[in-house]
Structures are given as structure tokens and as C-alpha cells.
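Enquirer: Got a structure here, written out as C-alpha cells. Questions coming.
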Amino acid sequence: MTTAALPALDPLFRRSAKRTRDVFASCPDEGLRDEEKSARLRLSVKIHDEYRDFKELPPALLSQQGTVGPSRPRDPTRKMITAGPDNDTSRMIAAIDNTPISQPSTFTSSTKLSQALTLHKTTRTIKPTYHPPWKLVRVISGHLGWVRSVAVEPGNQWFATGAGDRVIKIWDLASGELKLSLTGHISTVRGLAVSPRHPYLFSCGEDKMVRCWDLEANKIIRHYHGHLSGVYALSLHPTLDVLVTAGRDASARVWDMRTKAQIHVLSGHTATVADVKCQDSEPQVITGSMDSTVRLWDLAAGKTRVTLTHHKKSVRALAIHPTEYSFASGSSGGNNIKKWKCPEGSFVFNFGGHNAIINTLSVNAEGVFFSAADNGSINFWDYNTGTSFQTMEDIPQPGSLEAEAGVFCSTFDMTGTRLITGGADKTIKIYAEQSAQ
């Protein structure tokens, strides 16, 4: 028994589609549109079931809300977008549910709004203070290695430098002549500080040594033992007989200057502590580390007060303003120099534009802020506004390689009118503020 062949599906499907089209062609949208009553019902059920708990903010968050911004234009048709499909659903939702209740604008008129915006604009644009330009006035050579540290004596008569040749040299500030060479370190001298209240010079180096030199006898009188690796930075407390050193063992150590006792080990950083600074008000100790954080320390307790994690790369340099209650930190990359407010360490702003590995920062009482980098780029900034007013390049001394243009250390003298820097070309450069002609 043979079965009859079934007709092909394709022509049947086409014929059916044509008939269906003929049936609904007279009113194309009628078959697709929901009945309004059922659509309203479905929307109201959905609003109630899914959104009833989220239509308004909880009271705790509602109390934190600021004032309402400008209201909509009075003319409802003005600047309306007419293109695109007409959305009935949103109109329907507005008709079904009117929460949250729209608040009246706090700006009663457009003039008040423009006044507020003008005020906002004026508060943002602070005019930078004028600072005269700086120029290189002296280059001193004498060291046989990279000049890694510099410190000016409080009487402003001389300054000391420490270098990769393991020697500390004392120079006359006015003439630039060598007065004295101190030997004793067996590796690079990385930190120097002259005490304002004793005839002492403190030094630290990559040989793990922290030493106190008597400047009347020109001899080492004290050693401070405890660091497990190279010591990279040193700072004296301005009012207490305390010195703080920091280094490659990821710690900062607080020493009693007189008894050589270790008062605290400030531990918490996870990499080399590259710089440390002390001040007489809280936070009394600030450290910057290769773990890309800055820590503010409670000196009495020996514990971290605040950890600042804004930097993306190693923090190699810190600078405390001598009169303003603030400090700055420098790392590498974009937005790499940041200003902070004491005592809580709140971020103020970025000094933008010096895109290099920042090795050293210095600031004077007039608000001249100096930053210098590994590639020899030098920037002078207005400290109050973060505006750069001068950029320069460190020129290596004749006979040096191009790569020896890096600047490692810097400090202003006590008057703030001269700047001393130490570089990779083994020279000390002195910059001076140009007086108005």
C-alpha cells in the first residue's frame, strides 16, 4: 500500500502568511497593542510588588541629601526632544504612581542660580602668587660619586653633602669652598641633618650605620645600631632630642639622641621607606615608602595615625612647609606630586605636569615649591595654587653622560633665596632667586 505524497510546506507557509497579512493589513498596530486597562493593571502590580521598598530613600540617607537643584523650565514644551517613539509607558507610570514627590527648587529665580554658579567659579580660580625666576649660579665639583644628601646648617654659614664616595663634605655657603671632609662611612651616605640645638651633625648610609658627629672635634661620638639594611633617610625632631631614621628594612626607627636607645620601631610599611620627615605638631613623623603609601605616625604611641594610599607608585620624596600646616609627597607617573593638609592628612590637590620619577621635593616659607626628577627635569611651583611657574633641565657637567642628569637631593638655605641640589653628575648645583632689576 503506497502513501500519498504530502504537499511541500514552503508554499503552504507562504500562502498562510499572505492571508494573515491580508486579515490584519487594514489595522497594522491594533493587534500588537495591549489593552490600556490590562497594561495599567500589570504596571501597578509590578510597581507594588518589585519597587515598593525602593521608591523612596531610607530616612538615614534622606537626611543626608543636599538641597534640590534648579527647577525645570516654566514652559513645558521648551527644548523637548520630539524625535523617537512616543513612550506611553513612562506616562502611564507617572499617572499610576507619583513617588518620590518632586521638591521645589531652592533657586527661586534664574538670577540666583547664575549668582551661585559665578560664586562657584570665583572660589575655584585662585590667582597664583608671583615668584621671581630662579637661575643656576654655581656648580661645585669635588665628590667622586653621586651626591645623595644635603643639609644646611641653621646659622646659614655652611652646608654638608654626602655622596656615593662615602665622604661627607662641608662647604662654605657664600663662597662654595670646601672646608672639611669627614670619612667614616663604608658605603653611600644617604641622609644628613644638622642639629639646631647641639653642635652635632647626623648621617646615615647604605652601610646600615647612623652616626652622630661632634662638629667641634670633627669626630664620630655616637652610633645608633638597629637597622637591618641600608638607611635611606634621616630627620631630626625640631623640639625633642629625638632623631628618626628610615630605610630598606621597611621600618622607621625613633632614637634617643643622647642615650642612643631605640624608642620605637615604626613598622607597617611593606617596602623600603624612602623618606621621613619630622615636625613639632601632629603628625610628628611622616614617612613615604616604596609600597606607594604615605603614613602619618603618632610619635608617643609609636603607631600609625593615618595611611594615605592615593599614590600609584613608590613615594620617594616628602616636603613639609615651614609655616603652613601642610606637606607634599612625590612619586612617579601622572598626578605624582600631591599636597596634603595636616593633621588628618586630607588630600588638597595634585601638582600636575611633572611626569617623571620624583626624587626630591623642597619648599620655602615664601611658597616656592621645588621638585626634581631622575631624568634631570626640574620644576618650580607656587605651593598655594599648584601652578608651575618655571621648568628647567639639569645640565650634567662636561664629561658626564646624558644619563647623569638626575637630581637626587635638594634643600633651600635658611633664607629661602638659595637652593642647593645634588646630582648624578657628582656635582652640587646652587640656584638663586633672581632679584627684580
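Any Cβ shown, glycine's included, is placed from N, Cα and C.
What TrEMBL shows for this protein is this:
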REGION    62-88  region 'Disordered'
REPEAT    140-181  repeat 'WD'
REPEAT    182-223  repeat 'WD'
REPEAT    224-265  repeat 'WD'
REPEAT    266-307  repeat 'WD'
REPEAT    351-391  repeat 'WD'
Enquirer: Taking all residues of the repeat 'WD' (140-181) together, what is their mean pLDDT?
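Expert: That region's mean pLDDT is 93.
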Enquirer: In the repeat 'WD' (351-391), how many residues does DSSP call helix, how many strand, and how many coil?
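Expert: Tallied per class, the repeat 'WD' (351-391) gives 0 helix, 24 strand, 17 coil.
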Enquirer: What is the number of residues in the repeat 'WD' (140-181) that are helix, strand and coil, as DSSP sees it?
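Expert: Helix/strand/coil tally for the repeat 'WD' (140-181): 0 helix, 24 strand, 18 coil.
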